[in-house]
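Trainee: The feature phosphoserine is assigned by Swiss-Prot to SER112, SER118, SER120, with a large-scale study or a structure entry given as support.
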Amino acid sequence: MAPQKDRKPKRSTWRFNLDLTHPVEDGIFDSGNFEQFLREKVKVNGKTGNLGNVVHIERFKNKITVVSEKQFSKRYLKYLTKKYLKKNNLRDWLRVVASDKETYELRYFQISQDEDESESED
């Protein structure tokens, strides 16, 4: 007889957060425009613009929360965020970093001044 597998109860909702604090405060990122982009681009059952009552996208100051009643991948949210950054030519300055299990954060790339100076001397 095969050993029984422990079955995890299925999650009823998926909740993910995007922290946009630093770029929004610096004025290079528009959270309202990004929220609209997500509403247009998120696919439900293979169709865009089909959020219905299944996926809810909420913006509170500098944070965007995506709540889904169907399975929703955190990786898909990262993909859409990177797509938005590329579309608005922000991909060279910002990166998407997971700060915890349910949260992504937009951070600036860390460029050290020492590397730039040593390259210019050569």
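Heads up, the Cβ atoms here are built off N, Cα and C, so glycines get one too.
Computed from a predicted structure; not experimentally measured.
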Trainee: Specify the secondary structure state of SER112 (phosphoserine) as given by DSSP, simplified to three classes.
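Mentor: Reduced to three states, the DSSP call for SER112 (phosphoserine) is coil.
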Trainee: Determine the Cβ neighbour count for SER112 (phosphoserine): the number of other Cβ atoms within 10 Å of its Cβ.
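Mentor: Around SER112 (phosphoserine), other Cβ atoms within 10 Å: 8.
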